[in-house]
Amino acid sequence: MGRFIFVSFGLLVVFLSLSGTGADCPFDWSSFRQYCYRVFKQLKTWEDAERFCSEQVKGARLVSIESYREAVFVAQLLSENIKATKSHVWIGLSVENKGQQCSSKWSDGSSVSYENLVKPFSKKCFVLKKESEFHKWFNVYCGQQHLFMCKFLRPR
């Protein structure tokens, strides 16, 4: 009887510790609010990283960052997973040229409601840099190869 209680208590502790921290996300993905996130340490161009994300899980795209709190979560997750001192990580932000005007948008189609740009954009794709502790957005050429992070809406 004592062993049953011990095992039951252990399972309860595991269940409670997992709830809200990735329990509803696939293995190796992390949870924040209603989304799942994963850092990939493969070098890819922006376009190849975006395609790779979409092949991992239905609805996955390069990460979009929609608030300061989400930016802090993303920076923390990247810092935990990437130890190299000079790393760049693709995010889903890109610039579209429409004639004389440029507009930025997330690869998942959402509008840019939160910005943390270092300087105005002259190139078309964006990364987070380790040197800024993954807090600032830098624009770089889309054909460069970098690490990347994917995000998708967690199933209910």
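Cβ from N, Cα, C; glycine included.
Look at Swiss-Prot and you will find 1-23 tagged as signal peptide, backed by experimental evidence. Annotation source Swiss-Prot lists disulfide bond at Cys25-Cys36, Cys53-Cys150, Cys125-Cys142. The domain 'C-type lectin' feature in Swiss-Prot is assigned to 32-151; the stated evidence is sequence analysis.
Swiss-Prot feature annotations superimposed on the structure.
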| residue | record | DSSP (3 states) |
| --- | --- | --- |
| Cys25 | disulfide bond | coil |
| Cys36 | disulfide bond | strand |
| Cys53 | disulfide bond | helix |
| Cys125 | disulfide bond | strand |
| Cys142 | disulfide bond | coil |
| Cys150 | disulfide bond | strand |
Disulfide-bonded residues compared (Cys36, Cys53, Cys125, Cys142, Cys150) - the one with the fewest other Cβ atoms within 10 Å: Cys142
For Cys25 (disulfide bond): intrachain residues, at least 6 apart, with Cβ closer than 8 Å: Ser31, Cys36, Arg154
Confidence summary for the domain 'C-type lectin' (32-151), mean pLDDT rounded: 86
Rounded inter-Cα distance in Å - Cys53 (disulfide bond), Cys142 (disulfide bond): 16
